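Asks: Annotations for this protein, taken from TrEMBL, read as follows:
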TRANSMEM  7-27  transmembrane segment
DOMAIN    11-150  domain 'EamA'
TRANSMEM  39-57  transmembrane segment
TRANSMEM  69-86  transmembrane segment
TRANSMEM  106-123  transmembrane segment
TRANSMEM  135-154  transmembrane segment
TRANSMEM  178-198  transmembrane segment
DOMAIN    180-317  domain 'EamA'
TRANSMEM  210-231  transmembrane segment
TRANSMEM  243-266  transmembrane segment
TRANSMEM  273-293  transmembrane segment
TRANSMEM  299-319  transmembrane segment
């Protein structure tokens, strides 16, 4: 049972990448139908809040432990919702709108590198150039990110023609749309990494991930609605005109609710780097689904890039596994040391008691 629990975060993150791949492909189709990215973010956040709020309420009533809720806790959750959710989601879907699902899934592979740099600067990840564990993380990150980006951008599925871009973009149509989309996706990767790093202090203050996720979803809904109201001047932009747009909002809202809880739980168990390193798998899944369901060509370079992603991923996980082995060894040594001292003290006390009992006086 213990071994299965150890693999559970990895299984959860792999399943989450399939959900993310569906979001990228499904949302791209809905945006091409004319759905506004800003309005879509509001609907997605609102649906996610409605889904997880009742579950969080029931779960909270059954639990005896309470989160330490104060100004500090609220500030962390507000910051995480503003940067890690509102800014992240608006930047990501604007970039997806201006580029393609393949480009979006590829650009998110920068998250492991950005997260590694952030956690190293903040001291959350130990960086020792002479340590094989650190070298494995650094090498695996480079291979993983390089393979995923090469697979998607150099020899990935065909990019969608610019004629298919919807006419409601905030930016001028033309060749620069792709560059603007990539810049938005770069910003999204940065904000996503920030959200992962924020989960560490939030988990310490409030271990109830479902409760904190509900608050983040709710605050992000209000923030996203404010952004959409300021940007979207046309009231018709808020209307849902097709079944694919409605289905997309429902599916992505469900996906967001699940991802909030699963990501926060995995980060609390394995750290932000472990969670972010599974993101390159989404690019592999998007490539495969695009080839199967959209009948797009798959090149040899795509397969090589996919193998590079998986190879780099396992190198980093190897480095993380060595970290866990070191932690377990330290705990075992400390535990055995305490047991050894207890075994020494107990016989001495026992002998003294025997001597007192045998004394006739």
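Backbone N, Cα and C atoms are what each Cβ position is placed from, and that goes for glycine too.
TrEMBL annotations: computationally assigned, not manually curated.
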Asks: When you scan the chain for residues with a C-beta under 8 Å from the transmembrane segment (39-57), skipping those not six or more beyond its ends, what do you find?
Replies: 27, 30-31, 85-86, 89-90, 93, 208, 210-211, 213-214, 217-218, 220-221, 224-225, 227-228, 232, 237-238, 240, 248-250, 252-254, 256-257, 260-261
Asks: Give me the DSSP three-state residue breakdown of the domain 'EamA' (11-150), ordered helix, strand, coil.
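Replies: Final tally across the stretch: 116 helix, 0 strand, 24 coil.
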Asks: Near the transmembrane segment (210-231), which same-chain residues lie under 8 Å Cβ to Cβ, leaving out any that are not at least 6 residues past its ends?
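Replies: Answer is 36, 38-39, 41-42, 45-46, 48-49, 52-53, 55-56, 59-60, 67, 77-78, 80-82, 84-86, 89-90, 170, 202-203, 256-257, 260-261, 264.
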Asks: Excluding the flanking five residues on each side, which residues at least 6 beyond the ends of the transmembrane segment (178-198) place their CB within less than 8 Å of a CB in that stretch?
Replies: 76, 79-80, 83-85, 87-89, 91-92, 94-99, 103-104, 107-108, 110-111, 114-115, 118-119, 122, 124, 159, 162, 171, 263, 267, 272, 275-276
Asks: Please work out which recorded stretch in 69-86, 243-266, 273-293 has the most C-beta pairs separated by under 8 angstroms from the transmembrane segment (135-154)?
Replies: 273-293
Asks: Report, as numbers and ranges, every residue of the chain located at least six residues beyond the transmembrane segment (69-86) whose Cβ falls under 8 Å of a Cβ in that stretch; write 'none' if there are none.
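Replies: Result: 41, 45, 191-192, 194-196, 198-199, 201-202, 205-206, 212, 215-217, 219-220, 223-224, 227.
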Asks: Restricting to CB pairs under 8 Å, which listed stretch, 7-27, 106-123, 243-266, is in contact most with the transmembrane segment (273-293)?
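Replies: Per the Cβ count, the answer is 7-27.
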Asks: Determine which residues of the chain contact the transmembrane segment (106-123) at the Cβ level, with the cut-off under 8 Å and only residues 6 or more beyond its ends counted.
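Replies: Distant Cβ neighbours of the transmembrane segment (106-123) are 92, 95, 137-138, 141-142, 144-145, 148-149, 151-153, 156, 182, 185-186, 188-190, 192-194, 196-197, 271-273, 276-277, 279-280, 282-283, 309, 316.
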Asks: Looking only at the domain 'EamA' (180-317), what are its DSSP counts of helix, strand and coil residues?
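Replies: Taking each residue of the domain 'EamA' (180-317) in turn, the totals are 118 helix, 0 strand, 20 coil.
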